[in-house]
Amino acid sequence: MTVPTLPKTLDGQSTSRWRAADTKIVMQVDPKDGGARDPLFKLKSADERTSLLLNESFSTMKEEEAEEPLPTFNEESCAIWNMGWLVSVTTFCRISLTTISTAFLGHLGSKELAASALASVWTNGVQMLIFGFAISVCTLCGQAYGAKNYALVGVWLQLALMFITLLSIPVMISFFYVDIVLRLVTDDLEVLMLADRYARYLAPTVLPQAIYCALRQYLQSQEIMEPPAVIGVATVGVSVVTNYVFIYGCGLFPALGFIGAPIAQSVSSIFQPLALVVYGFWYKGYHRKTWAGFDLAECMQWERVRTFVSLSVGMTINQALDEWVYNVISALAGSLGSVKLAANSVLFSLWGLTFGIYWGFGLPMQVRSANFLGANRPAAAKQTLYVSTLLGGITTFVCALLTYIFRAPIIGFFTEDPVVSADINSTMPIFCFAVFLSGLHIIMSAVVEAMSLAATLVAITTAGSWLTMLPASYVMGLAWNWGLHGLWWGAICGEIVKFSLMVFTLWRIDWREMARRAVRQSERSVPATPDVRPSSPTPVRTLFSAASQRVHHVPRDGSDTKGTPSRGTPSRRGLRRMNSYGSTSSTHTSPAPIHAIAISP
């Protein structure tokens, strides 16, 4: 059998040059060596779509050639830390706004504290219907930014602002009918009346909080962390001052008492987006690279709207399921009495504050993973997962440990009621264990969000929160009369299930396929690379399949993956295609594939 040789025009050239032309490779078989037992080699025309062995090897070589050297562990750790501490400051300050109001109300009395907790069961729950449309900005903008499609980053933000503005209207209206729903939870008329008043004065916070969330995610997806951190610290000062002034009065300003707390939250919520626009956009100009102004024609392209809505709906469902289960548990705590409800309210405030600290390693993982996947660098995204999980796990453990060690002064900050304090203190060991497990699960879920696998997150949250946590909390807390301890033991059961499913998902996931999808979702072309291996969905899609997780974009010039015009697909006016960050060779062009020798028996 003669040794196969390449044509002279290809000999000595790189694989990327081979793929730049529509080339035929000819191989000959000497019938004297093996005769009929040797495979027959047939030449296929350049435009036939045939699974070819050489195509597979060339494709693999090309993808490896495109991948840049991975950052070292120290480099990745430093990059995550430089982002993480700012994210922790931002998130901690943002969540502390509610905590500050809770602390002020706790010093007014247990009834006021219980009423605010009861109102939050509804207000926090329905707001999740908006925040999913703001949270998806981080994933979509991060992928587009990694692919260097900078104009698309601004388009995703525009879509988010449009949708959250429309959705805020019915949510704000619902705040005026909280008493109708909360009557199903408690028969304490005094607490119910206070909760209804509290929710009504919180209505002005809905739209500003959603806008601030979208703007914050827009900047953070570009690894711009300073403005949200600065605004977060400033807002804490505003919140402390306004809570004191509105609740207790100052000078000529009269004391408003209980309703002063939600009014103070409204003022702080309005301050956040206004201050961020002034400082981050007008003064610093961080938007200039990716914001080209409002353009309805670009925003309302059907493929983009469908992409944004499908991901946002999935994120919304996941956020709602995860938030609502704890709201239901709070309602269960309400059935145990106002004292238990007040104690549980303090624990939930601590839950949010600890989240604000360890999420500093979750968001950088989401941002960097989305950027790397959009740049077609799956190995770098995978390394980010390892480094962030390690750093975040250590941080979560330290947070839980310090919360337990300093539980006495922490409890004293929230309430002076000895009965409420005793309930919190006895539940603290169980609570800290739940915090640690939840932190691990939430940090790892960030990379799944970066992959736009919203349906996977929904499946994990449903299994862990609604099929495990809620039944376990009900049985242990109410049926077995374990009280507040039982509710949090049920939370531990649910967090264990979510953590286990998340580990299994990330262990089985196809990172290279996730990178290809991210590139396409960023409206970049991906080279046609036929594979001779059997076609199969990724393991995650096999486990948690959903129609919304499909790749939809075609190259913006109206071509299919072979470089030929698609029938019935007009050339669309739109954003200029750019080279992928860190992998220009992999997405610069969509050259015709090599058509070599097909093997037949």
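Quick reminder: no glycine exception, Cβ is built from N, Cα and C everywhere.
Automatic prediction, not curation, is the source of TrEMBL annotations.
Within its own chain, the transmembrane segment (85-106) has Cβ neighbours under 8 Å at 112-113, 116-117, 120, 216, 220, 225-226, 228-229, 231-233, 235-236, 239-240, 243-244, 247, 258, 261-262, 264-265, 268-269, 272, 342, 345-346, 349, 352-353, 355-361, 363-364, 413-417, counting only residues six or more beyond its boundaries. If you look up TrEMBL, you'll see 85-106 (among others) marked as transmembrane segment.
As annotated by TrEMBL, transmembrane segment applies to 126-147 (among others). Note on the transmembrane segment (126-147): residues 153, 156-157, 160, 163-164, 167-168, 171, 174-175, 206, 209-211, 213-214, 217-218, 220-222, 290, 307-308, 311-320, 323-324, 363, 366-367, 369-375, 449-450, 452, 518-519, 521-524, 578, 580-581, 587 of its chain, located 6 or more positions outside it, place their CB under 8 angstroms from a CB of the stretch.
Beyond its flanks by at least six residues, the transmembrane segment (159-178) meets 119, 122-123, 126-127, 129-130, 133-134, 136-137, 195-196, 199-200, 202-204, 206-207, 210-211, 214, 218, 299, 304-305, 308-309, 312 of its own chain at Cβ-Cβ distances under 8 Å. For 159-178 (among others), the entry in TrEMBL reads transmembrane segment.
Marked as transmembrane segment by TrEMBL: 227-247 (among others). Only residues 6 or more beyond the boundaries of the transmembrane segment (227-247), in the same chain, are considered here, and those with a CB under 8 A from a CB of the stretch are 86-87, 89-94, 96-97, 100-101, 104, 108, 216, 219-220, 253, 255-261, 263-265, 267-268, 271-272, 275-276, 279-280, 284, 286.
As annotated by TrEMBL, transmembrane segment applies to 259-283 (among others).
The transmembrane segment annotation in TrEMBL covers 341-363 (among others). Same-chain residues lying 6+ beyond the ends of the transmembrane segment (341-363) with a Cβ under 8 Å from its Cβ atoms: 80, 83-89, 91-96, 98-99, 102-103, 106, 110, 113-114, 116-118, 120, 138, 220, 326, 329-330, 333-334, 388, 391-392, 395-396, 399-400, 403, 410-411, 414-415, 417, 420, 423-424, 427, 431, 435, 438-439, 442-443, 445-446, 484, 487-488.
What TrEMBL records for 384-406 (among others) is transmembrane segment.
Look at TrEMBL and you will find 426-448 (among others) tagged as transmembrane segment.
The transmembrane segment annotation in TrEMBL covers 455-480 (among others).
According to TrEMBL, the transmembrane segment annotation covers 486-507 (among others).
TrEMBL lists 520-601 with the feature region 'Disordered'.
For 580-590, the entry in TrEMBL reads compositional bias 'Polar residues'.
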Task: the transmembrane segment (426-448) versus listed stretches 259-283, 384-406, 455-480, 486-507: most Cβ pairs under 8 Å - done: 384-406
